[in-house]
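Student: This is the structure, below, for whatever I ask next.
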Amino acid sequence: MTAPDLDDEKLPSAVDQAPSPIDGDITLEAGPYLQGEDQSQKDGEFSPARIEAPPLSPDEIYFPEGGLRAWSVLFGSHSPLPLVGSASILYVFQEYYQRTLLKDQSHSTIAWIGSVQYCLVFFPGLVSGRLFDIGYLRGPLFLASVFFIFCVFMIAQCTEYWQLMIVHGISLGIASGFLWGPAMPVVSHYFYKRRGLAYGIATIGSSAGGTVLPIAVRRLLPVVGFRWTMRIMAFLFVATLGIANITLRRRLPPKNAKGGLFNFPAFKNMPYTLYTASACIGFLGIYTVLIYIDSAAVAAGIDPDISFYLVAIANASSTLGRLGPGLLANRLGAVNILVFFASIAGIMTFAWPFAKTLASLLAIAILYGLCSIGALCGPPISGVIHDSAGGYAAVGYYAGSMIILGCALMLASKVVATGRIGGLF
């Protein structure tokens, strides 16, 4: 049996790239990546165990921190991310589906389509992340690109709810997940000291997708119809995904990661368990405002042609919300920054149902876009609450509570890990 073909590419050496070393205030100390730290279960307890690591190659010690290849990879990582932003097009389609194809379905039922897609953007990372670790990038990326474009073309042919759920919700979500999965970790192959900034720049693609694509779809639907709107979007994705397939390249060798696909002993680590729980609970509320702010504004008497742009404004403002935290995370701690901004998003969610004027709704959209970070069950549960209560106040209470509870659990994970509330974490 021969070794797997790692994307048919030769890993560049340190001499070829002339990379800059990790210097300054960053010290190469024992860590899970550089020292080959593994997680093993011994005598029924979860504890880190040192294993002897092979000698590090120059590429694993030196990071380019720039250069043509590094910046081209960072540019290429933008290309799949508009697909994540494209998930926010659902609020445009939700309005269209309610008026045309799915007139007999409730708000909460239609919301399941987008929620399944949101969830599956992240869930396939369990598989795509593992494939990336063992050396596969270009093959899965190409197959996922073809499948994604095929799904967009097929949405144009859907006329029933179950068809839209299978194609728009499940299939498109899975394809998006396999595209999103390798787009982010490959950036870490080229940046170390600038990694927070690099991630912030990379995720701007999803903000761009969430800003431009809904406006384009809204303008195209009455002009060319639903089917040709989807076909035009598919051709657009051919171009963006083509860029990703050309530019995304690995630099570091595969990781010798042991264990199965699911590492259940990891949940014996209490800080990790609390953090995971906080993310799950927070996602139950985080996307509610983006999904319902348009219809809530119309219910408050705002012109539909104006209220439509509230989500686009929120997505546009999230561009700064991605760059800023990326810069601050290296200085103040990633969890600290996440708790702070998510708490503000929770407060904005509580305030949103009481915003009845265009100015107040614009303020909510901008601040929420800056601070929101979600998300299978959130929008459908919000839809059920709206249908039952007959208004958006109860929806805001629910979603805001979920976000704040998620922040509390995230803060608890920090306290358990460090023994204190303050400090870098």
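A Cβ is built for glycine as well, from the same backbone N, Cα and C atoms used for every other residue.
Straight out of TrEMBL:
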{"type": "REGION", "residues": "1-53", "note": "region 'Disordered'"}
{"type": "TRANSMEM", "residues": "109-127", "note": "transmembrane segment"}
{"type": "TRANSMEM", "residues": "139-156", "note": "transmembrane segment"}
{"type": "TRANSMEM", "residues": "162-184", "note": "transmembrane segment"}
{"type": "TRANSMEM", "residues": "196-216", "note": "transmembrane segment"}
{"type": "TRANSMEM", "residues": "228-248", "note": "transmembrane segment"}
{"type": "TRANSMEM", "residues": "272-294", "note": "transmembrane segment"}
{"type": "TRANSMEM", "residues": "332-352", "note": "transmembrane segment"}
{"type": "TRANSMEM", "residues": "358-377", "note": "transmembrane segment"}
{"type": "TRANSMEM", "residues": "389-412", "note": "transmembrane segment"}
Student: Short question: which residues 6 or more past the ends of the transmembrane segment (228-248) have a Cβ under 8 Å from it?
Tutor: 72-73, 75-77, 79-80, 82-83, 86, 137-138, 141-142, 145, 148-149, 152-153, 155-156, 179, 182-183, 186, 213, 216-217, 220-221
Student: Taking contact to mean 3 or more CB pairs closer than 8 A (sequence separation of 6 or more), are the transmembrane segment (162-184) and the transmembrane segment (332-352) in contact?
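Tutor: Judged by the Cβ rule, the two regions do not touch, with the required three close pairs absent.
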Student: For the transmembrane segment (332-352), which partner among 109-127, 139-156, 196-216, 272-294 gives the most CB pairs under 8 Å?
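Tutor: It is 272-294, which has the most Cβ pairs under 8 Å.
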